[in-house]
């Protein structure tokens with residue numbers, strides 16, 4: 001018979017020497033686990049002795065407990081009658097009645113973000129909105145598209161306009177894909193599976209985050225037969241963990257490729273995320289708040305780090321490898337997976353060129369500065385596209401080039417395609433859509449971008465994606481901003 005514990009008894013175990021938590025009505029002894037927790041020691045200690053379900057559930061996929069805790073860590077269940085009652089915050093009748101407006105009344109992605117900002121928790125907002133340092137790269141990602149002008153042609157029948165294209169040979173309904181974006185359940189319980197449901201109706205590709213809040217099996221469970229997914233890979237210091245996950249996703253037929261992320265070997269300094277590090281913690285048992293100065297070492301003598309938690313983003317990077325190299329990493333990856341490989345996070349023409357030399361092992365690249373979340377003042381994807389066109393245009397013939405960052409209008413989509421991108425990715429907009437209205441919010445996001453992209457192509461005088469090219473844009477202003485030094489290609493070849 002399962003042991004039933006009083007919440008007051010659980011609350012006593014709030015130290016590194018004896019650390020218990022309540023999850024889904026069950027009591028776990030996590031004392032042995034806290035020193036190896038990927039997100040750091042203090043994340044658990046802040047919740048020690050309390051019901052941590054509300055904090056735990058949105059950011060951990062099913063199976064996490066079973067994978068990391070021994071069976072004997074389960075001590076029993078908690079008597080629900082003994083749990084402290086959370087404080088009820090007073091709210092006005094207007095606030096209680098207020099909810100998201102009908103999604104069809106939102107006409108652009110900015111309006112969707114505004115609605116989502118009011119709906120999601122402060123913690124979710126901090127994680128989604130945040131970017132590195134002064135947000136220069138994040139903002140420039142978007143602003144750069146405004147400096148590119150369109151060159152429409154006339155006397156062309158545009159009654160039929162086809163937005164379909166291919167990514168790695170797979171037919172997709174839109175040249176717009178969902179970039180890997182973590183922790184979708186912070187926005188809405190539907191999570192990444194909700195994004196997948198929205199993509200299904202548009203035939204859009206979804207790249208699943210390595211740090212998704214749902215399991216890959218859950219996310220692709222209701223996929224259409226021809227629906228296309230990719231799996232993002234952050235290589236772990238313990239390579240066996242990455243190999244195990246790759247073996248797992250290879251069993252899912254809907255996942256067509258691996259996206260190896262390279263632009264964030266360490267997390268950037270995301271201050272908005274850091275500020276929310278202690279926000280939203282439901283800690284009704286005051287004794288569970290362990291003072292940092294009181295927690296100096298773990299039972300095994302390991303010092304507890306004294307730096308701040310760093311927010312959700314920093315916690316997710318725990319265990320991520322920072323020792324990747326072209327030869328060793330790609331040799332390893334091609335041995336452990338049969339899935340096509342896309343390299344994500346390239347920010348210079350030199351790296352794009354080197355990647356093309358690894359074809360056919362490397363099938364594609366994503367030009368990205370991680371949404372401005374890694375190195376602030378790193379270039380936007382548009383700059384790198386123009387660099388490739390200037391220094392090594394043969395890259396476009398050898399591998400597929402995708403981009404992400406700053407896409408908020410259909411005109412942005414078209415401009416990127418004109419510069420040679422195969423498709424463009426959206427990350428935050430999908431999360432904001434989910435936060436604004438669940439699946440319907442993501443559908444509305446894709447609908448707006450699809451409609452705007454179609455309208456832009458028709459007004460340009462273009463019937464299909466493959467007809468787009470540099471003759472439809474004027475990028476002279478942006479070209480003045482890009483790197484103008486030596487090509488560096490010979491030096492790049494010498495390193496191979």
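Cβ atoms are placed via backbone N, Cα and C, with glycine included.
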Candidate ranges 77-103, 104-130, 131-157; Swiss-Prot annotation region 'Disordered' resolves to 77-103
Ranges in play 290-310, 311-331, 332-352, with Swiss-Prot marking region 'Disordered' at 290-310
For residue 179 (FMN binding site), the spatially nearest of the binding-site residues 127, 234, 370, 373, using Cα atoms, is 370
Counting across all protein chains, other CB atoms within 10 angstroms of the CB of residue 234 (pyruvate binding site) number 22
Residue 428 (FMN binding site) sits from residue 127 (heme b binding site) (Cα to Cα, rounded, in Å) at a distance of 10
Per DSSP, the domain 'Cytochrome b5 heme-binding' (2-79) contains 28 helix, 20 strand, 30 coil
With neighbours defined as other CB atoms within 10 A, the best-packed of the binding-site residues 37, 373, 408 is 373
DSSP, reduced to three states, assigns residue 261 (FMN binding site) to strand
